[in-house]
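Q: So TrEMBL lists these for the protein:
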DOMAIN    136-270  domain 'Fatty acid hydroxylase'
TRANSMEM  44-68  transmembrane segment
TRANSMEM  89-115  transmembrane segment
TRANSMEM  127-152  transmembrane segment
Amino acid sequence: MNTGGLRGILDISNTTWALSERSVLQPMWDYLQQNHESTLRSPLFPVILSVSMYLVLVFFYTVLDLLAPTWPSIQRFQIQQDRTVTWSNIGSTLALTTYNHLLYIFPAAIAQWLWRPPVPLPREAPTLTAFLLGIVGCTVVFDFQYYLWHLLHHRIGWLYRTFHALHHQYRQTFSLVTQYLSAWELFSVGFWTTVDPLLLQCHCLTAWAFMLFNIWVSTEDHCGYDFPWAMHRLVPFGLWGGALRHDAHHQQPGTNFAPFFAHWDWLGGTATMPAPVKTKTRKERDEKEA
């Protein structure tokens, strides 16, 4: 048997696979560096990216919240169909979010921009495997960190009253509740989101993608809707918590502490399954309006 020839074929196959993986993201990365290098290198870029992503998601879900009372096609996906998001809810949550960003986030970002030199950019993009595994790895690490943080802030009364109780003023989740937080909690989440890609030595493109993914799933957890394309429906075996479980946490604060996955709550005995969503009939909706 010609083992040398077989090894040669395998080496060529592995090299071809590595090159094809690299070529997936490299054109996009080359374009970004050639046309937007100064923006990407700015310490302000991650802040602008994350805030922009959050505002787009919040705008989308808030429009749904305002349309839901009169649009049955939207209302049928609401987790708590007997409650509506009011302009007062939107105003109070948006006011605190704006306050936190103006008083804490943007000054910290400007200080970083003034004191920190531009970030060097690697010439090569990450391979597709490294990119995807980096996002998954950061998500797993963040999930464990926040599970412990969240558990302690519910079990220790002083921590709950001082920092976390604010977030639980709303028993009904909607997108703007995502960042209805104390400054301490906002900084904690931002710190782990920034540090975890550094700990796992991720490419900056991977770090930005993880940041956007984190904002997306965090907002989805609080959106108050159980859509067919929600993460907990896409991830198999019930491994993902999702909007249903987090809504249950706001109604039963001693349960479902993990932000994303479900396994820590299973292991810790703090998991609970929310009641299934009961879709209102047309008659029930008419009786409520009457």
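Glycine too: its Cβ is placed from the backbone N, Cα and C atoms.
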Q: Between the transmembrane segment (89-115) and the transmembrane segment (127-152), are there three or more C-beta pairs closer than 8 Å, counting only pairs 6 or more apart along the chain?
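A: They are not in contact.
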Q: Please work out the helix, strand and coil residue numbers for the domain 'Fatty acid hydroxylase' (136-270) from the DSSP assignment.
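A: With helix first, then strand, then coil, the domain 'Fatty acid hydroxylase' (136-270) has 97 helix, 3 strand, 35 coil.
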Q: Give the nonlocal contacts of the transmembrane segment (127-152) in its own chain as ranges (CB under 8 Å, at least six residues past its ends).
A: 18, 21-22, 24-25, 159, 164, 188-189, 192-193, 196-197, 199-200, 202-203, 205-207, 209-210, 213-214, 257-261, 264-265, 268, 270
